[in-house]
Amino acid sequence: MLSFYLYLGTAVLLVGIGGLGLWRGPELLRRILALNVIGAGIFMLMVTLAYRPVMQGEPADSVLHALVLTGLVVAVSATAFALALLGRLLTRAD
Amino acid sequence: MQAWLLDYLPLLIVLSSLLPGLLIFTLKEQQVALRTFLNLLGVTLKLVLVFLMWQGVKEGESYYYRIAFLPGADLILQADALSLLFVVLSSVLWLATTIYAIGYLEHSPLRSRFFGYFSLCVSATVGLALAGNLVTFLLFYELLTLATFPLVVHRGTPQSLAAGRRYLAYTLSGGLLLMLGVSLLHLLAGSPDFTPGGYLAPLLASGSILLQVAFALLIAGLGVKAALFPLHGWLPQAMVAPAPVSALLHAVAVVKAGAFGIVRVVYDVFGVEVVRALDLAWPLLFLAAFTILFGSWRALAQQDLKKRLAYSTISQVSYITLGVALLGPLAAVGALVHLVHQGVMKITLFFCAGNYAETLGIHKIRELNGVGRQMPMTSLAFTIGALGMIGIPPAAGFISKWYLGLGAAEVAQPWVILVFVLSGLLNACYFLPVVYRIWFGVQYSAWPSPQRLSSRFETHWMLLAPSMFTLGLILLMGLFASTELSPLSWSELIVEREFSFDD
Amino acid sequence: MALLLFDLVLCALLLLLAGAAMLSRSLTQAVTLFIAFGVMMALAWARLKAPDLALAEAAIGAGLTGALCFTALVRYAKQPAYPQPALWRPLTFIGLVTALLLASLSQIPLQPSSAIPALVQQHLPQSGVSHPVTAVLLNFRAWDTLLELLVLLLALLGARQAPGDLPRYRGWSLSISWSRLLSPLLLLVSGYLLWRGAAAPGGAFQAGALLASGLVILRLNQQLSWLSWRHFWVRMLVLGGLLAFVLAGAVSLLLQDLGAVWLSWPQSIAGAVILIVESFATLAIAVTLTLLVVGEPKPEVADA
Amino acid sequence: MFPALLLVTLPLSAALLMLLWPRFARSLHVTVALLSVPLAGYFLQQILLHGEQQWLLGGWSPLLAIRWQADSLSALLLLLSALLHLLVSGYALAVQARDRLPAAFWPLSSLLLASLQALWLARDLFNWYVCLELLGMVAVALVTLSGDKALKPALNYLLFSLFASLCYLLGVALLYAGYGALDLPLLAGQLEANRLNAMALLLITLGLMLKAACWPLHIWLPAAHAAAPAAVSALLSALVVKGPLFILYLVWTELAPQAFWLPASYLFALAALGALLFGGIAALRTPYGKSLVAYSTVAQLGYATLALAFVLRFNLPEFVAALWLFVLAHALAKAASFLAMGELQQTLGSKQVSALKGASQTMPLAMFAFAVAGGSLIGLPPSGGFLAKWALLLGLWQSQQYFWLLVLAVATLLAAAYVFRVVVLAFDRAEPTAPDFAPQRLPQYLALLPALAVWAMALFSMPLLTLLKQEL
Amino acid sequence: MTIMLMISWLLLALGLMFFLAGSIGLLRFPDSFSRLHAVTKADTLGLGLLVLGLSLQSSWREGLLMALIWLIVMASGAVSCQLLARFSDEQPSESATQQED
């Protein structure tokens, strides 16, 4: 149970750290990384929530796992798109 | 005429100018003949339809056309005696103005656009006259703003654009206030048809503040177009528009829409009883009286002919408001008849001003010296119109002012008569010198930009004929005021039929 | 106790890595730290009994995202260094928000009231697969998955709108031969993952991501030069997953009576349908991700 | 099932085929656009006849499956999207050769339609997340169609959109933590007013407001909408920002506990105030034509936000009606004004507002379309904007919100000011900007079409209100 | 059994020591070649020791799997080490990539 709260807290702190990076930047690449950190925090929160049944000796919540998997793919797609735009922007700048 | 067609009569009257207008927009610049034909077709059709309606209304028939619009507030076009007064005025003057405009703009660019909006403007005015409830009135009131704006900025010069901006700022704010007021009343009492004696009496018991607020909003919204002080600022600037537009704006469309709206609101929405019970007439009365004097006073200082006429309009239109605010039957007759008379007289004056400008390039009053010999017909029309404005007997203006004076006496407001006298004096002060210059002034320099527009007349016949026509109207209305056909008798009919004064 | 210690260390590491990645002065460091963060994350998820996600995170989160970030990093080499902005203001604000979030966490019930896990277990036999995550992804919430494939496709479409002239990497003999050795292995493993997904952790995404990494390695070593959007069958591969999905939906509708709803697989063939859809999806994911990472040999703005 | 399903899958599969065979992209696109409209019309009629319909995708039990639900509001929005999509397709077809519209426009805009339609139908919190993400990425991809000048706004848009999605997702995760469900009807009425739910709803709201460009979270919008090609800006302003608004409305009216309604209404009212005033002022000051229209979107969204705020505060039918009427009217008017403005800029060859000098002579049709659409933005009768404002006014009078009446008045005047700023300039005859090439007529007529439609909207207020199930 | 366990722990500790040494080397060595040297050597050996140590505690199947992993890691470590070395050789101060026409 302590672990549960530990991971929960870590997840939220990760969201916070990501938010900090997103705000502060200064490079766009770091902002994109920051979004990924926020995403990782949220996914971690969801995975931790899915872990709750395990503490009662049941299997983990597979719906949440599926959602996180979906979210992961969405996140990597968005990151790839953002990085492509960023790449073009930087190439053009010089 | 088929019976079913009669049901659509109010709609047809609106469409008779709207459809030609829309068609005209699509015409090319060179298609002069077709455009003129469409214009005249619309005018004729409208006059015929209006005549039919007039016949019907005189015999006590009512026309009613309804389309679903807002929930609880249909779009209603109906004809009662009051609306017909305004419809006839605008249709007849539209005829004159159309002919005048065709002559005036003979060689200028963008005429299709001009005449298109011109027709839209008249459609909106007529729609406004026929509006059967406040929401419909609001609709046409806003459409009128939109249709007149392109006319105001038609010349596309920096001054006209500035005037257009100011015009919009005022009228759109006015429309907004009106919309606020209409929506408030709609919430309080729904939007029933205009009813002689008003429909708000049942609400008196349940609180008066909101009603007062609504009244203030409505009057403020209408006051913008009626150029009530301090909402008059747009009018003098809008003078930069072409002369026919100024004529239409001042005599028929815009300022009259405001004045007509005030009549409707006071008599058919609130009703005299409610207005009295809520003490709403006093502020209006004072405001109108002040505007009369203020407009005249400012007119004195103007050196530009059209500007002087503009301030005169501010003053003269408030006679109507004043007559309404007096809340007496005689004053009401005076107000209504002044609505017509002032329109005809002012349009004549603007036609004449346009003739001077177009033929000789005269804009300033001091340039008028001796113009009477060069353009006698125009100058005669101007003189009669000016005398009428002052209120000198044979002309129509005398009748309305007489009734207004009687009305003031009737409701025991002698100070109002003082206002009339003072204003009459001021009128004389700013009109008589002009008339004097025209006939007796010595021309001290060449005309600014003389043009030879006609070999037979002093100016183009299409400019001259309308002014002669309206001149005739002024005299006829003044001389035959007591006949059955006159605006005076019609106004009396309205007051008798529709206004319910208990005392 | 040991587990808790492990958790503590892991969480601390995660936070440290993320914080350092956000605050480090050099971007290269940031990206490196982020990749390490991704690996640690995969570890955390394995610990939290989410092996599917650990696999996916290792392949997608750390591997591909890392590769993508490094590509972008190259371009920053030419950029002037950015001044480091002040920290205290965002820190105060974010700290406040995080504190609020933390405070709200205490109301999360420890024993979830959700009936969903039980429902999943109950309907698992009818789903055509025995691994619950796969059942959710490809049957219970298949619509999400379809749209997600669409998101992936869109990333590619969007990226193709902004073609950058990618700096090319040139392989040499060792790396080429290593890539030739490695890629069949990856192909094998990804095929295994796909197949295994029906019953155990694994499935289209993990398999696709793994396959993609194999393709990327091959591609970087001058193999597979045909892998370009211009070729019809590459497009076919990219779109195959979605097309198979839509077709399967349509066919299932036709196979069932009129009252059937979208994306309901007939129970008798559900397993087969899911396998087919997943296979195409794996290929699509792999090729899409590859194209996203390595770009195309000659950028073209639009094909007429 | 079939009409609803086809409305989503038709554009989706067509987009896939377009990518597969780019040669047929245009014809496929147009076919689908043409088919979608009658289909959506038929669907609306079905909904009106048989009432609300819903489907559990995959045929699983409610908790497990993703729910689609179509009430008349959804059906109306489906029809609106299909109509505007058809219109914009026509426009794009007319200008594609001249403006060198990239071929990617066709599949992307089909995908935009598909994702919008999917969003209107869904009633599942997580599916909405995927839809939103999809919508955001299509939108960004469409913005990048203008080439390199759009890169920065597009990237900015993408980052904001991603952040917004993440906020939304975090909120959904917190809700799931408490209730273990994602299905909106199942969750409806379940939520207690506790800290966790407050946080969750706050995050969801934040994310959606960011995506819907509610002030002050609108900063990404003007640049992105202004940079996109005209056809795209029209779609983005008219439809895309409405998607999150729709979710926001459903989340608050159906999901959120009543205890949160009042504070939320203050939040929304504040956002509306800022949007109405600052959006209007920004539109008044910007030197660029399309930025003006984009800022007008920000301002106009303020009305919808205001209506939402008062729905939550007073729960009067007037406000619900006003909200959706604003959405409908704004969608049509904004499509018209973006197309018209795009056409003007393209033909006159400048992005500046000042280049519109004399446009009433050189391009009367486009200018007229802009002015007519502007009339609806101002709220002149009988336009849709007027109808919506009328409903709002009635509600405000009824709930005695005099301050907000004043705000509404000021906002209306601001709208009038920025619309007529352009129109007055167009009447300037001194030195009209000469067009770079002969103006095309068809695109101008297409821009006029929605403007005329919105202008007559109040004449159909009764059927519309019946559709929205609201009585004034 | 306990002897096996003790050997296993010993191996694990040794492996960790190599990792530690490698990490210190990575941090402290002056140029990239020496860093590469430290890291790869230490990691290869360290991982091998770990695998060996762990396989003493697990079934033969798991041991085999771990050995496979070790092999693959070693191979890719060799490749990536050479890659880094090549690029730091060709472009001592520039980025680890090269422009191709």
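Including glycine, each Cβ sits where the backbone N, Cα and C put it.
Since this is a predicted model, take the numbers as computed values, not measurements.
These come from TrEMBL:
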type	residues	note
DOMAIN	D:122-414	domain 'NADH:quinone oxidoreductase/Mrp antiporter transmembrane'
TRANSMEM	D:73-94	transmembrane segment
TRANSMEM	D:101-120	transmembrane segment
TRANSMEM	D:126-145	transmembrane segment
TRANSMEM	D:157-179	transmembrane segment
TRANSMEM	D:199-221	transmembrane segment
TRANSMEM	D:228-252	transmembrane segment
TRANSMEM	D:264-285	transmembrane segment
TRANSMEM	D:292-313	transmembrane segment
TRANSMEM	D:319-341	transmembrane segment
TRANSMEM	D:362-382	transmembrane segment
TRANSMEM	D:402-424	transmembrane segment
TRANSMEM	D:445-468	transmembrane segment
Discussion item. Please report, as numbers and ranges, the same-chain residues at least 6 past the borders of the transmembrane segment (D:126-145) whose CB is under 8 Å from any CB of it.
Written reply: 66, 101-102, 104-105, 108-109, 111-112, 115-116, 118-119, 151, 153-154, 157-158, 161-162, 164-165, 168-169, 172, 182, 211, 224, 227-229, 232, 235-236, 240, 243-244, 247
Item to complete: Name the range, of those listed as D:73-94, D:101-120, D:157-179, D:264-285, D:362-382, that has the largest tally of Cβ pairs under 8 Å with the transmembrane segment (D:402-424).
Response: D:264-285
Worksheet item: Counting Cβ pairs under 8 Å that are 6 or more apart in sequence, does the total for the transmembrane segment (D:292-313) and the transmembrane segment (D:157-179) reach three or more?
Response: no
Worksheet entry | Long-range Cβ neighbours of the transmembrane segment (D:73-94) (under 8 Å; 6 or more residues past either end) | 4, 7, 11, 26, 29-30, 33-34, 36-37, 39-41, 43-44, 47-48, 101, 105-106, 109, 112-113, 116-117, 120-121, 230-231, 234-235, 238-239, 242, 246, 324, 327-328, 331-332, 335, 339, 440, 442-443, 446-447, 449-450, 467-469
Fill in: Intrachain neighbours beyond the transmembrane segment (D:101-120), with Cβ under 8 angstroms and 6 or more residues off its ends
7-12, 14-16, 18-19, 22, 25-26, 28-29, 32-33, 36, 70, 74, 77-78, 81-82, 85, 88-89, 92, 95, 127-128, 131-132, 134-135, 138-139, 141-142, 145, 229, 231-232, 235, 239-240, 243, 246-247
Response to the item:
Tertiary contacts of the transmembrane segment (D:228-252), defined by C-beta under 8 angstroms and 6+ residue spacing from its ends, are 77, 80-81, 84-85, 88, 91-92, 95, 99, 101, 105, 109, 112, 116, 119-120, 123, 128, 131-132, 135, 139, 142-143, 145-146, 150, 164, 184, 201, 204-205, 207-209, 211-213, 221, 261, 264, 290, 293-294, 297, 301, 304, 308, 311-312, 323, 327, 330-332, 334-335, 338-339, 341-343, 345-346
Discussion item. Cβ under 8 Å, sequence separation of at least 6 from the ends of the transmembrane segment (D:157-179): give me the contacting residues as numbers and ranges.
Written reply: 125-126, 128-129, 132-133, 136-137, 139-140, 143, 187, 190-191, 196-197, 199-208, 210-211, 219-221, 223-224, 244
